[in-house]
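Asks: Here's a structure for you.
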DNA sequence: TAAAGTCCCTGTTTGC
DNA sequence: TGCAAACAGGGACTTT
């Protein structure tokens, strides 16, 4: 499931394959992945033909391919989206939804998405951040990221800390996996009340977020059951480094207590029942 | 199956 | 007190 590190790996992987290439044709094989492009699939295709791609950019889990006219192809991988680069004529892998062909006759770009939570749309980005994602906060690796502001915003909330970490308008790029891993590293319970956390504690947790996602990035991202792969089809290795997520009943690497899985927000949360305890309520 | 991330809807709280 | 805006939480969407 692609979160920030996986999306960044994809972005870097795309750079040598798309920059400076002119799109010659676009094939939309399923309407759902372009559902956010309100003028429809035909307009989506028409708008792109003849355009040249610039260097891919990213904020949080969103990735966009800027075009030479200031617009951009804004994409989100959802939970199973992939970009694949393959020579023309290569048999399609499963779930190819959109295909871009290029004027140079070289490898084509395929957007594959089994579960179709992801999507693409042409955005009037005007050379900057697409307006559709202007409400998304900077991610921890951007220059615009300001930890002080994020700490303050989190402490103003009245909710559980994991819910706040997953709120892309506070800080972007964090999904279920890295939320659990960061909470484990910082020894924080997922349900910890945000307004009861000290500023240094929140700052510590945000530092853990950066640490965890930075390490994942170095290892090429996390991979699960082939849902996330590099543009060449290879998967990342960070899943071998997970300490909490998906580790139910396995010993906590820190204290040996079995990791527990609990339902939270219609999802699973993994935590060490010893390292990550909920403090007694202050109210 | 259960699992994922985002959007949308609803209900509540806050601020002027 | 009244109203609008912001916030919080839950479900839908989709596939295997």
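Any Cβ shown, glycine's included, is placed from N, Cα and C.
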Asks: For the DNA site that TrEMBL gives with A:115, A:157, which of A:95, A:135 also belongs there?
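Replies: According to TrEMBL, the candidate sharing the DNA site with A:115, A:157 is A:95.
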Asks: Quick one: of the recorded positions A:95, A:157, A:267, which has its CA closest to the CA of residue A:61 (active site, proton donor)?
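Replies: Nearest by Cα distance to residue A:61 (active site, proton donor): A:267.
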Asks: Long-range neighbours only, meaning 6 or more apart in sequence with Cβ under 8 Å: which ones does residue A:157 (DNA binding site) have?
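Replies: The answer is A:164, A:167, A:170, A:194, A:195.
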Asks: Quick check: of the recorded positions listed here (A:95, A:115, A:267), which one has the Cα closest to that of residue A:2 (active site, schiff-base intermediate with DNA)?
Replies: A:115
Asks: Using Cα coordinates, what distance in whole Å links residue A:267 (active site, proton donor) and residue A:95 (DNA binding site)?
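Replies: Between the alpha carbons of residue A:267 (active site, proton donor) and residue A:95 (DNA binding site) there are 25 Å.
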